[in-house]
């Protein structure tokens, strides 16, 4: 059963154009009137293709390959840290290192969007490149059982670096694309999933050959090459505001809208458990006796099938509405967690879960901002996205450490508890997102408005 959208497809398309013009002119008008006019005129002549525009897409794709792609690779690091580098540390502590990267990606990324509005990419992309490469060099020097060294270098420092790369690389696409923006974003976000396929395989192959230290250094040089191309190709086209304002970075007033409040709660529940399979699938495979030559590729399989789920759902959502794709994908993930991962005890079922969960879970990332945009006023879109990403940041920060605490002993009972916990979060998040869609339907909105107006005092009563 589909969830009815409060607006039809044409309205949503028109609203997207209005949002683009409104956001650009509101950012520019605070600087000077001429800049606002230039921004409005620039929006009217979006290239939507051409060599220069697609070169920017290439640079953005490589930036996400190196930033979010490394986040998607953390499951391989988690496995190595638990077994070799940090054997005295708990699974919860080690997973906190990876969750810090995700937290900074969403939390600092929201604030870095304001820096992008003011100064574009000329500062953040080179700075993020330097921080990411330097942090990985520091990771390669970490000593055994010195968890604070890994925490600071791989968690905090690397997390800050990727936060400076991710948001500008995605935001700059709005300068070059309008009608084909979904396609451009799809190719760009495909870079993060591709990084999650290639980088863990590279790491797994290099560690036995050259050791962990040089394996991480080689990864750092690979990232340096990718990000050097990003520094040369990512550039802005539209006028910039020239000043930074963080006052409009978030909008807590949006939580008065029941659709937005429910979507934020649903996002919190879903992202609380979203990364748990990505962090623990390789450890689970080793626990179940999956052959090593297959177990070390489980994370890569999950990320490989994640590539189409970043691109195709957006295309379908343009036709039927974002929630009508988001909710079925979330429901399927719930079934996979409780119906396939929980009873998966052999190699075939574990590989099947990794492939299918990667295929459907990517819709969470690509469609959440699409739905938020569809229910937000154009002048508050950036702040509404900032607010929901703050919620996602907190959920991502605590989700995998909670899973690690449930798995303080790697045995049958503790793994079962972890999987059930993850599945319940997915079911609850899916239910809340379904409720958000029901509240957003025309019939429910009319009933709520009627109820609200009936509860108001009559006009003559207010004059007494």
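Easy rule for this one: first residue shown is 1, then count along the chain.
Every residue, even glycine, has its Cβ placed from backbone N, Cα and C.
Annotations in TrEMBL come from automatic prediction, not curation.
Sequence annotations record features per position, and here TrEMBL assigns transmembrane segment to 53-74 (among others).
What TrEMBL lists as domain 'Major facilitator superfamily (MFS) profile' is 56-440.
Taken from TrEMBL, the feature transmembrane segment applies to 94-111 (among others).
According to TrEMBL, the feature transmembrane segment maps to 123-141 (among others).
Listed by sequence, the residues of this chain that lie at least six past the ends of the transmembrane segment (147-170) yet keep a Cβ under 8 A from its Cβ atoms are 59-60, 63-64, 66-68, 70-71, 77, 81, 85-86, 89, 93-94, 96-98, 100-105, 107-110, 112-113, 116, 120-121, 124-125, 127-132, 134-136, 138-139, 141, 185, 188-189, 227, 230, 234. Taken from TrEMBL, the feature transmembrane segment applies to 147-170 (among others).
Listed by sequence, the residues of this chain that lie at least six past the ends of the transmembrane segment (182-202) yet keep a Cβ under 8 A from its Cβ atoms are 53, 57, 60-73, 75-76, 169-170, 173, 176, 218-219, 222, 296-297, 299-300, 302-304, 306-307, 310-311, 314-315, 318, 362, 365-366. As annotated by TrEMBL, transmembrane segment applies to 182-202 (among others).
The annotation transmembrane segment is assigned in TrEMBL to 214-234 (among others).
Here the transmembrane segment (260-281) has long-range neighbours at 72, 74-75, 78, 95, 98-99, 102, 254, 298-299, 302-303, 330, 337, 341, 350, 353-354, 357, 361, 364, 368, 371-372, 375-376, 384, 387-388, 391-392, 394-396, 398-400, 402-403, 407, 418, 421-423, 425-426, 428-430, 432-433, 435-436, 439, meaning same-chain residues at least 6 beyond its ends whose C-beta is under 8 angstroms from one of its own. TrEMBL lists 260-281 (among others) with the feature transmembrane segment.
The transmembrane segment annotation in TrEMBL covers 325-344 (among others).
Taken from TrEMBL, the feature transmembrane segment applies to 350-373 (among others).
What TrEMBL records for 385-406 (among others) is transmembrane segment. Tertiary proximity for the transmembrane segment (385-406) is limited to same-chain residues at least six positions away from its ends with a CB under 8 Å from its CB atoms, namely 90-96, 98-100, 102-103, 105-107, 109-110, 113, 249-252, 254-255, 260, 263-264, 267-276, 279-280, 368-369, 372-373, 376, 414, 417-418, 421-422.
Sequence annotations record features per position, and here TrEMBL assigns transmembrane segment to 418-439 (among others).
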